[in-house]
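Colleague: For Glu381, the entry in TrEMBL reads active site, proton acceptor 1. The feature active site, proton acceptor 2 is assigned by TrEMBL to Glu381. Per TrEMBL, active site, proton donor 2 is recorded for His510. TrEMBL lists His510 with the feature active site, proton donor 1. What TrEMBL lists as Zn(2+) 1 binding site is His380, His384, Glu408. Summarising the annotation, TrEMBL assigns disulfide bond to Cys349-Cys367, Cys535-Cys547. Marked as N-linked glycosylation site by TrEMBL: Asn115, Asn160, Asn335.
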Amino acid sequence: MIYHFTVLFSIIISITCQQNEDIVECNNQDLSQHYLDKTNPNEQEQFAYKILHEYDRNLTTLAYITASAEFETHLHLNDTSKTRATEKYYDAYRNCLKTVAIIGKQLKNLIDDPNASLRWLLIRTQAIGDAAQNDTKTKFDMQKLKARIKEIYHQKFIWNNTRITIDEVQEIMGGLKSPDDLLSLWKATYDVPAPMRDHYSELIALQNQQAKQNHMNDRSEAMTTAEERRLVEQLWQELKPLHDLVHAYVRQQMVQMYPGHVQLDQPIPLHLTRDLFGTMLTYLEHDILPFPDIEGIDLGPAMKRKNFTEENIFQYADDFFVALNLTRAPSRFWNLSIFKKTPNRHMACHPAAFDMYKYDDVRIRMCTSVTSRDFYVVHHEMGHIQHYLQYKNLPFWFRRSPHGAFSEGIGDAIALAAMSPTHLKRIGLLENYSSSKEDNIKFLVSQALSRLFLPPYAYALELWRWSVYNGSILPSEYNKRYWDLICQYQGMKPPEVRGERYFDAGTKLHIAFDLTYLKYFLAHVFQFQIFDVLCHEAGNRGPLHLCDLHGSVAAGKKLKVLLGMGSSKPWEDILEEFAGVKTFSAKSCLKYFQPLRDYLEKLVADGQLHVGWKCENNGFSTRSFIPTTIWLILILKFILSNIFFPL
């Protein structure tokens, strides 16, 4: 397909988007700055509208081809021909985005003019495409290194006479209880990425070289901003006292579960959490929830009694959105998604949602199990699907989340609503829930296990990565410094000393695949902000954790505002329109867990809970200040209560 436009200012531009072996290729355009400087803003805007419209149509086709190939590749990891084809499509896709980004950059006058109607659209072309200068050899070398690192990540290893991949470990790990079994599986898994180490340090060097060519100090400046780092640090300081209280409670219960393996003043051995990264501790629920005489929330048995299939969980999630007067998943979703692992096939199992960009085609690939954990995960992934469906009619440039935390936070907020005891009772998956104080504390501990342990891990992981990029962590100390940060922020440690021949950070997909993880920190905060706003719209007057959104058209209408705008405005403006504020806040998270915080602080005051830990490797200790902080909070509460409510 070849499109020609004769522009008002006498430039003839040929947009060539050619079909070549089922790839749409976009030719590079070299606009004459001399002519651009001679035209007025209105003429430039007309030109930009025309050229972006054609690129919109053809990029949508290219995105569909690329996404389809990627989806198939994930289902056939042993098929190298599919992998090569996907890489070829992605290369064409990135080149086309780069072409548009360069054209947008040349229309600098419109970007710099705050009154230009196309200003935000042109800014989005810069955000999506890479207009930076890239050395061809450097780019090729980086692609080879990334491909090799991904190959190592997907390599199968043998544990207990079974060949498995890293992506398959979590479900197995969750079913283990023996410390010896957990240790052997953990070690076998964390040994996999060791060969990545040298490739990773080479990749970092090349990425930093490329960053310097584009006037940055190092590549971390392309991943985040100083303002975002300040925001994350502020949010973490607000969340930390709550996290440390829950950490202390979990550790105290684990001392009884694993005597001799867990100590009251030490970090928690990571493998005993039965979570590969210690970020979602739901597999510990049966053993550590308080008030054992009161029945807790375990959806697995309830779903099995109702003969749930994996697909049934997705149908329940779909019904949740329909009850809010939102969009039902189209037939293509049910026909083309993968809900469970295909036997005897080497395939990716990490839950993922796909926007295919055409034909109402949205999909999920997930190796689902009928458990409480996956009931939560399915609702999260279906939140992504609903996001895609709501912004599907926007131009290509806006069919994205305005900030990584939005998409993840929306999914988490939906999962939060789905796990409300009130909602679970309504849909028949929860019985005998009386909403007593004990019931509520038990539920909030369960929620804390799934939501309060990821933020410190995400922050530690990104601090490690930023420090690797800026050179303050050298390749010779990758592993030590990684575990130092995990201990400092997460309060966890490896089951044994891990030397520098390992590359334990690479066990995380987001390191191996060079994907940012900070958005998950922000999303874990933002989910409560979203939930709080929606519950207000739904007329909730009780505790936030008991809010049920089911059937609230008002809440659905409000959610549609957040979902439907895609990235058509700056994220701060969308957030202000939705929540009345222009930044992320931890207030709603603290509000949600306030009854649990009060309960745990009383245990501390009564001497029943020891807060804090010591990190032996680097001498960092939270024991010196965490208990003091808790005591100061309690003393202040006592003083204020006697001022305003004297005895």
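Every residue gets a Cβ built from N, Cα and C, even glycine.
Just so you know, TrEMBL annotations are computer predictions that nobody has curated.
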Colleague: How many Å lie between the Cα of Cys349 (disulfide bond) and the Cα of Asn335 (N-linked glycosylation site)?
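Modeller: Roughly 18 Å, rounded to the nearest whole number.
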Colleague: Select the closest residue to Asn160 (N-linked glycosylation site) from the following recorded positions, measuring between CA atoms: Cys367, His380, Glu408, Cys547.
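Modeller: That would be Cys367, nearest by Cα distance.
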Colleague: I'm trying to understand the geometry here, so how far is the Cα atom of Cys535 (disulfide bond) from the Cα atom of Glu408 (Zn(2+) 1 binding site), in Å to the nearest whole number?
Modeller: 19
Colleague: Taking every protein chain shown into account, which of the disulfide-bonded residues Cys367, Cys547 has the largest tally of Cβ atoms within 10 Å of its Cβ?
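Modeller: Comparing the disulfide-bonded residues Cys367, Cys547, the most crowded Cβ belongs to Cys547.
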Colleague: For the residue listed as 'active site, proton acceptor 1', which of the recorded positions Asn335, Cys367, His510, Cys547 has the nearest Cα in space?
Modeller: Cys367
Colleague: Taking only the recorded positions Asn335, Cys367, His380, Glu408, Cys547, which one has a CA atom nearest to the CA atom of His510 (active site, proton donor 2)?
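Modeller: Ranked by Cα distance from His510 (active site, proton donor 2), first place goes to Glu408.
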Colleague: If the Zn(2+) 1 site is taken as the center of the Cβ atoms of His380, His384, Glu408, which further residues of that chain fall within 8 Å of it by their Cβ?
Modeller: Ala353, Glu381, Gly383, Ser407, Gly409, Ile410, Gly411, Asp412, Ile414, Ala415, Ala523
Colleague: Measuring Cα to Cα, tell me the gap between His380 (Zn(2+) 1 binding site) and Cys547 (disulfide bond) in whole angstrom.
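Modeller: That separation, Cα to Cα, works out to 18 Å.
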